[in-house]
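If you check TrEMBL, you get these features:
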type: BINDING; residues: T99, S100, F127, P128, T129, D130, D199, H202, Y224, W254; note: pyridoxal 5'-phosphate binding site
type: MOD_RES; residues: K225; note: N6-(pyridoxal phosphate)lysine
Amino acid sequence: MPDTSRAHALELDARDPLAGLRKRFRLPAGVIYLDGNSLGALPDDVPGALDDVVRQQWGVGLIRSWNDADWWNAPTRVGAAIAPVIGAAPDQVVCGDSTSVQLFNTMIAALRMRPGRNVILTDPATFPTDAYLADSVARLCNAEVRRVPAAEAAAVLAADGADIALAAYNHVDYRTGELRDLAGITAAAHAAGALVLWDVCHTAGAVPIDADAHDLDFVVGCSYKYLSGGPGAPAFLYVARRLQQDFDPALTGWHGHAEPFAMESGYRPADGISRGRIGSPPLLNMLALEAALGVFAETDMAAVRAKSLALTDLFIACADELGLEVATPREHALRGSQVAVRHDAAHPIMAALIDRGVIGDVRPPDILRFGFNALYVSYADVVDAAAVLGDIVATGAHLDPKYAVRSTVT
Ligand SMILES: Cc1ncc(COP(=O)(O)O)c(C=O)c1O
């Protein structure tokens, strides 16, 4: 039986090699924050950096900062800073726009890059924006969306992949926290002549992705979850170097032009990853993200993953002791960085938890989600949060009518 005592959790914290990174984040007193899988905590470096961007670079530098503060190159510079976190060489990642925009742009590019094939293979349980965009792209491009669960995708690609242009999957199931077989689906897609697009919103900064080692084609992820870039922080796009000259995105904005300031009347794509740029980037968000990424230079993804698995192991052991149903796989190879607990009263239980300072979130119909960012969550947080959860369920505190109200976000 795993030791779920607080004394043991404190021992684990005392020998945690990442414990020192917690002070790089501003966590409010009295809060155990287990929702970094939705919105990461505020990094300590961000307020000062943003203050400089606003007062100095914008306020004093004005338009000159596009050159003097190198605003122009921020999308590729910040992309290069994200690259090591996802296991990519730097010239393959560009930062900008939203996950949804990047997914749309890349799905169309993939169809254009595989003429003669007209199927997008995706998961029926994919995140809604991915599903909605695939359907819209299919309508625009006269293509078809084929919905196949991730567990069956490799077999379908092998048996029936001749018309599949793109396999577009989430690296982690946003409800259950199940980690998908990125290597297997990618290899099967390539063997079938298809491209792959991985949505890594729930793994970037939490789970090694090894984009280059796995020979991925396209990767899109957000930066406001485990990368802690802040609300609305821009997404990123990885395009493997070997595909960049053929990358033919739908959104041919002027920032992706070979010579943006030539103001030519026709579009000529830039070389390399810069053709993934679209229009003026959200610089305040992007430069906040750049400051947030500094912490990743002080650790590596193997250490982050090892702690994340230990934290989620401990939380699963606590949930087992409480007799709760854990929806997240127990095998490390199948687990992202969150633990999902199934309960008919998920909403009121989460409302009661938040009232007591333990912040997670819920997904319909019955999932309580607890995200564990190894950079700032401690082992003591895990057992303390589980104790509060256990107390609520045992006493029925969540049955108080004040917890019956549904919130829109959590
Ligand atoms: C897997 C996944 N894809 C996409 C998104 C959201 O896309 P966007 O950043 O455009 O809102 C989320 C948001 O939680 C997500 O979990």
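A Cβ is built for glycine as well, from the same backbone N, Cα and C atoms used for every other residue.
Only T99, T129, D199, in sequence order, out of the binding-site residues T99, T129, D199, Y224 have a CB under 6 Å from ligand 1. Reduced to three states, the DSSP call for D199 (pyridoxal 5'-phosphate binding site) is strand. Residues T99, S100, F127, P128, T129, D130, D199, H202, Y224, W254 are the ones the record ties to pyridoxal 5'-phosphate, and the longest Cα gap between any two of them is 30 Å.
For F127 (pyridoxal 5'-phosphate binding site), the same-chain residues 6+ apart in sequence whose C-beta sits under 8 angstroms from its C-beta are N170, Y174, D199, C201. Sequence-distant contacts of T99 (pyridoxal 5'-phosphate binding site), defined by Cβ-Cβ distance under 8 angstroms and a gap of at least six in the same chain, are T129, D199, C201, V220, G221, C222, A235. Of the listed recorded positions, namely D199, K225, the sparsest CB environment within 10 A is found at K225. A 10 Å cutoff on Cβ-Cβ distances gives T129 (pyridoxal 5'-phosphate binding site) a total of 15 other Cβ atoms nearby, all chains included. The Cβ of Y224 (pyridoxal 5'-phosphate binding site) lies under 8 Å from the Cβ of L39, G40, G230, P231, G232, A233, each of these being in the same chain and 6 or more residues away along the sequence.
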